[in-house]
Structure formats: structure tokens, C-alpha cells
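Engineer: Take this structure, written in C-alpha cells, and hold onto it; I'll ask about it next.
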Amino acid sequence: MGEIQTLNEQHSVGKPVIRLSGISKSFDGKEIIGNLNLDVNHGEFLTILGPSGCGKTTVLRMIAGFETADQGQILLDDQDVTQVPAEQRHVNTVFQSYALFPHMTVFENVAFGLRMQKVPQSEIEPRVMEALRMVRLAEMAQRKPHQLSGGQQQRIAIARAVVNKPKVLLLDESLSALDYKLRKQMQSELKQLQRQLGITFIFVTHDQEEALSMSDRIIVMRSGKIEQDGSPREIYEDPKNLFVARFIGEINVFQATTIDRIDEKRIRVDIEGIESIVYYEDEVKAGDKLQVLLRPEDLRIEEIKESEEKGIVGHVTDRTYKGMTLESVVELESGMCVMVSEFFNEDDPDVDHSIGQKVAVTWVESWEVVLNDEQKA
């Protein structure tokens, strides 16, 4: 669809569009980013995810050129831009506030960057209208920002950013101001637009659902360092430590003691006084402490009689109906509370558990994630 679809056609094959090497940054003597290394590939949707204060926005601002790294190097398409000012980098940013000029029309907002670059007048109108068509707002060209909805303003901000043909588009928590329904819609539209444009998107958020639903790849940060780098599925299903596991969705953490090894893939452990088999290939010996992690949707509840003692036993203490799912809290005999999420089937008489009911908590072998015992996470 015209020029905008080929925005990213000139690049070095096989090399990352952005490479951060040994990046460090401190504010007022406090280290915010410490020796960070990161490659960002051409045409990917990368999300930098982490809690407030983890340094994710600082990384974005250093890529954009709004902050200068104290140490390290930033390469953009194999060119060193560490000391290059923001306006000379082929990188554009969509801010949380969108930063639209209220006195300008939509057309003039999108055209602003082109005029600043002294693009010939004959090129400006077709490029602006192409960008507006790309975000499906060409008919809004003569309106002012206050006449647009939040979602429309967000799309105009994106059109203004992509019309300059950036190599990379940076988005700083740019969906957080939208209501839930609109945010879900924009997640889908952003990913679709990114595929259509072929531009590398780097998206910063603290919202795990946004990261999982939009990204090709997720970087999870804590205290200025990368905790895990992987696909959404890898981050969710195979967290490398307790911080990542707990930050990405709900997780149940069982304390386990090693009994013995069964084969090269499986070991026998004691969980809540019950002998269980889990998958764990690292070296381990009898008595070693481990942590067995299971998502609520990976657990099952089996109703048992009060006289029965099978599986990890507990009593249902709370239930929450969420339409498609029924979430139950089970208090185990040790006092630990476990969250279980089951698909709600109104025709299944056993799914709607009673408060106080005795149940056994089970799971399918190999669905668990097993980690070395972390005292601090």
C-alpha cells in the first residue's frame, strides 16, 4: 500500500536493527541500568516488560536519544548513535500522552515532522494521507484532536510517527490511558499495523496481558537488568526464576524436597507430605529443596469424601465465577492457599465446588515448572 509498506526495506541482512552493548545509566548516584546488552531484530515486535522503576522507560529513552548512556554503545543499523541527538536518529516515539498539538488539525499533526525535515510540499500530502489511510482515519484529516476519541488520538500519534519512515518505532506505555475494551481493540490493531508496516516496534509496558498478546519477543526487567528474554509462550510457560513466574500472571509455588531420581528426566519429590513425580533434568540429590510451580489453569480439583486421603488434600475456601472459568481457592492442610482455574461447564455437577468441601489438588505430569529453591525473589 504505497511507500509506507516498504519503510524498512533498507537494512543489513542478518544484523540487528538495534544493538545495546554494556549500557549503564545512573541518576543522582543511583544505578538505574547496569551493563545491559540487548539485540533487537528487524521487523519484530519487542516488548520491554517490568514493574515501575525497573528501568524499562530509561532504556527506551536512551534508544530514542532523550537520555545519554553513562557507559556502553548504542548501534542503529550498525551505525554508532550513542552520542547522536534524538532528532538525527531514525527513531520515533509514541508517548503515553500522545502529545498531539491541540491547535492543529489531524492532517497538520501528522505533517508536522515532514515539514520540520523540509520535505517538499508536493510529497507531504500524499504521505500524510497514506499514513492516515493506514490507521483508517483519512476521513478525520481536518478534525482537531479534541474531536477524536482516545483510540483515534492514539492512532493519529502512530500515523505521525510512521510518516517519517523511522527504522524503529518506540511506544512508551501508549495504551495505558485507554479503557479496557478500547485497550483490547488497540492491542490487536497495533500488532496488525506493525505487521503491515514491517517496522520494528519496541513497546514498554508493565501490563503482562499486553505483552503476551502483542509481542514476538518479551524482555522481562527488574532493577535495571534483564531477568528473561524469550517468546510470550516461553516467558509464561517456562519462567527462569520466581520473579518472572510471579510477575507474569498467577502462579502457585509448592515447596518440595527431593527423594530420588527416577530417570534422566524425572525425579521423585515430597510436596505437602505427598510423594509426587516431577520433570527436572538438572543435577539433584536426595534432600535438596526445590520449588514446583503450577499455573491455576494447570491444576485440577477432584472432590473426595471426608474419610479419603489421596493426593494433596485441602478444603475449598472461596469461589469466583468469571463466566468461562470458575476460580477456586483451596487451603491445604499445611495452611498454604492454592488458586485453581477451571473451565466452567454448567452441565458438570462436580465443577461448582461448595465452600468447605474437601478436595484433592492434582495436575498432569510434566505441566509443572521446577526451579532451584530461591530464598529471595
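The backbone N, Cα and C atoms fix where each Cβ goes, and this holds for glycine too.
Just so it is clear, the model here is predicted, and its values are computed rather than measured.
These came from Swiss-Prot, pasted as-is:
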- Gly50, Pro51, Ser52, Gly53, Cys54, Gly55, Lys56, Thr57: ATP binding site (BINDING)
- 18-248: domain 'ABC transporter' (DOMAIN)
Engineer: Tally every other Cβ atom lying within 10 Å of the Cβ atom of Gly53 (ATP binding site).
Structural biologist: 13
Engineer: So among the binding-site residues Gly50, Pro51, who's got the most Cβ atoms within 10 Å?
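Structural biologist: Result of the Cβ crowding comparison: Gly50.
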Engineer: Using the recorded ATP site (Gly50, Pro51, Ser52, Gly53, Cys54, Gly55, Lys56, Thr57) as reference, state which further residues of the same chain have their Cβ within 8 Å of the centre of those residues' Cβ atoms, listed in sequence order.
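Structural biologist: Going along the sequence, the neighbours appear as His206, Met221, Arg222.
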Engineer: Got a sec? Which of these binding-site residues, Ser52, Thr57, has the most Cβ atoms within 10 Å?
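Structural biologist: Of the binding-site residues Ser52, Thr57, the highest Cβ count within 10 Å belongs to Thr57.
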Engineer: Can you check what DSSP calls Thr57 (ATP binding site), collapsed to helix, strand or coil?
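Structural biologist: Thr57 (ATP binding site) sits in a helix per DSSP.
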